[in-house]
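One structure below.
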Amino acid sequence: MGVVLPPPPLSMLMLVLMLLPVASASEAEHRLFQYLFEDYNEIIRPVANVSHPVIIQFEVSMSQLVKVDEVNQIMETNLWLKQIWNDYKLKWKPSDYQGVEFMRVPAEKIWKPDIVLYNNADGDFQVDDKTKALLKYTGEVTWIPPAIFKSSCKIDVTYFPFDYQNCTMKFGSWSYDKAKIDLVLIGSSMNLKDYWESGEWAIIKAPGYKHEIKYNCCEEIYQDITYSLYIRRLPLFYTINLIIPCLLISFLTVLVFYLPSDCGEKVTLCISVLLSLTVFLLVITETIPSTSLVIPLIGEYLLFTMIFVTLSIVITVFVLNVHYRTPTTHTMPTWVKAVFLNLLPRVMFMTRPTSTEEDAPKTRNFYGAELSNLNCFSRADSKSCKEGYPCQDGTCGYCHHRRVKISNFSANLTRSSSSESVDAVLSLSALSPEIKEAIQSVKYIAENMKAQNVAKEIQDDWKYVAMVIDRIFLWVFILVCILGTAGLFLQPLMARDDT
């Protein structure tokens, strides 16, 4: 008795029914592939008439701007090269192959135009054919291979980091001339719909142009499609890490002239600023394009700052030399007094304290009168004071007062007593040796104090001259810093307006 098998599950039947069309479609594509490539030769140009060219529609899509090497003058890009042409050998009727209208085949199986990058600097000139091409039943072939190109580009870093670059990419057939391949540009510029924004460069525009050139090597005319890539460097990174620190260093250099000379730290501040700038330059050397063709704008600014700081050190040393001058080492010329003590302070609205100027004549008059009195005291003969020999000009107030008293006293004594009494009284007025010695000592001290005050006044004048020089260079360096910075960084704007 036979074994009765149970009927297959419904799910199994449904799965088989679903796989039948897939298998049928795969079989149709297999038959179509065999039909298309049975006698196909990928070396022969796909034209029915040899005299006709193959029309190639060409477009470049920018995927990413990888890098711009300023030193080696190379631009690295990630591109998609869209190429569309018609191959009459790759036509079929969809009805014969279960409605199959499109088919993807390996690119090495079909004929392809040998379009290369003429100005390639490194790597392969031609794209890799590992990607597949899309075939349409009408014979239209669409091939979009991705490629990373390193193209040569003339980099002008004059206005770095505010520079604009124009890099060209020239595509064309290496083997086929105009009679064999006719290149047609799709659109008027590079396709940037799938562009991945770069952190350093911004693409302004990328127009494309078609050229026909006759080279020296050949008689034929060759076509090419050239894209001009206008790019602008994004300066934010360099502004924060290069320009702003240099501006701060320049500002510290200006403050050197505002620092008082008496503090003794002017040269220390100058040297510290110079050392900080030197270390800063060593750190950023690799950031700046190392080229000897032109001096980049940021290099000019760093050189300007270095000269700025060095010049401030030289001027500071000169100012300190003026500040510490004394009457024993230098004599102030008349023109220095006229220019630096009278003219320039008024021009720069500097006001010198008036107390010193008012007290100086009083001090000189006081010491002059006291020394005159001490000279009268030091006379050994009281008769000279009595007769008024040293006091005829009225400069000795003490002698004049003493002479009047002695004259009055002598007159009274004359009326009341004999001449011998008068001589006795006058003899008592003579100074003792101890008093004379004390007067000489006081006179010496007074003369020294007068000389010290005169020397201090001259030293104060030299210090004020140094202060005036400091103030002059303070304003000069502020103007140079502002105008120099503005002049350097306005050059890119002016150059862009000219172009």
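Placed from the backbone N, Cα and C atoms, the Cβ positions cover glycine too.
Swiss-Prot lists 1-25 with the feature signal peptide.
As annotated by Swiss-Prot, topological domain 'Extracellular' applies to 26-244 (among others), with the evidence given as similarity to another entry.
The feature N-linked glycosylation site is assigned by Swiss-Prot to Asn49 (among others). In the three-state DSSP classification, Asn49 (N-linked glycosylation site) falls within coil. Proximity of Asn49 (N-linked glycosylation site) to non-local residues of its own chain (separation of 6 or more, Cβ distance below 8 Å) is seen for none.
Non-local contacts of Cys167 (disulfide bond) by the CB criterion (under 8 A, 6+ apart in sequence, same chain) comprise Val68, Met75, Ser151, Cys153, Lys154, Ser228, Leu229, Ile231. Secondary structure from DSSP puts Cys167 (disulfide bond) in a beta strand. What Swiss-Prot lists as disulfide bond is Cys153-Cys167 (among others).
According to Swiss-Prot, the feature N-linked glycosylation site maps to Asn166 (among others).
DSSP assigns Cys218 (disulfide bond) to coil, not to a helix or a strand. When other Cβ atoms within 10 Å of the Cβ of Cys218 (disulfide bond) are tallied across all protein chains shown, the result is 9. Summarising the annotation, Swiss-Prot assigns disulfide bond to Cys217-Cys218 (among others).
The transmembrane segment annotation in Swiss-Prot covers 245-260 (among others), and the record cites similarity to another entry as its basis.
Summarising the annotation, Swiss-Prot assigns transmembrane segment to 263-279 (among others). Residues 246, 249, 252-253, 255-256, 305-306, 309-310, 312-313, 316-317, 319-320 of the same chain, all 6+ positions outside the transmembrane segment (263-279), place their C-beta atoms under 8 angstroms from a C-beta of that stretch.
Annotated Na(+) binding site per Swiss-Prot: Glu265, in sequence order, evidence recorded as similarity to another entry. DSSP assigns Glu265 (Na(+) binding site) to coil in the three-state reduction, outside any helix or strand. Sequence-distant neighbours of Glu265 (Na(+) binding site) (same chain, six or more apart, CB under 8 Å from its CB) are Leu259, listed in sequence order.
The topological domain 'Extracellular' annotation in Swiss-Prot covers 280-301 (among others), and the record cites similarity to another entry as its basis. Sequence-distant contacts of the topological domain 'Extracellular' (280-301) (same chain, at least 6 residues past either end, Cβ-Cβ under 8 Å): 70-71, 155-163, 238, 241-243, 245-246, 249, 485, 488-489, 491-492.
For 302-320 (among others), the entry in Swiss-Prot reads transmembrane segment.
Positions annotated as topological domain 'Cytoplasmic' by Swiss-Prot, on the basis of similarity to another entry: 321-468.
Residues annotated as transmembrane segment in Swiss-Prot, with similarity to another entry given as evidence: 469-487 (among others).
Taken from Swiss-Prot, the feature topological domain 'Extracellular' covers 488-499 (among others).
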Determine which residues of the chain contact the transmembrane segment (302-320) at the Cβ level, with the cut-off under 8 Å and only residues 6 or more beyond its ends counted. 246, 249-250, 253, 256-257, 261, 266-267, 270-271, 273-274, 277, 281, 288, 295, 466, 469-470, 473, 477, 480-481, 484, 488
Just give the helix, strand and coil counts over the topological domain 'Extracellular' (280-301), going by DSSP. 9 helix, 0 strand, 13 coil
Between the C-alpha atoms of Cys217 (disulfide bond) and Asn166 (N-linked glycosylation site), the distance in angstrom, to the nearest integer, is 28
Sort out the sequence-distant neighbours of Asn166 (N-linked glycosylation site) for me: same chain, 6+ apart, CB within less than 8 Å of its CB, listed by position. Ser228, Leu229, Tyr230, Ile231
For a quick check of understanding: among the disulfide-bonded residues Cys153, Cys217, which residue's Cβ has the most other Cβ atoms within 10 Å? Cys153
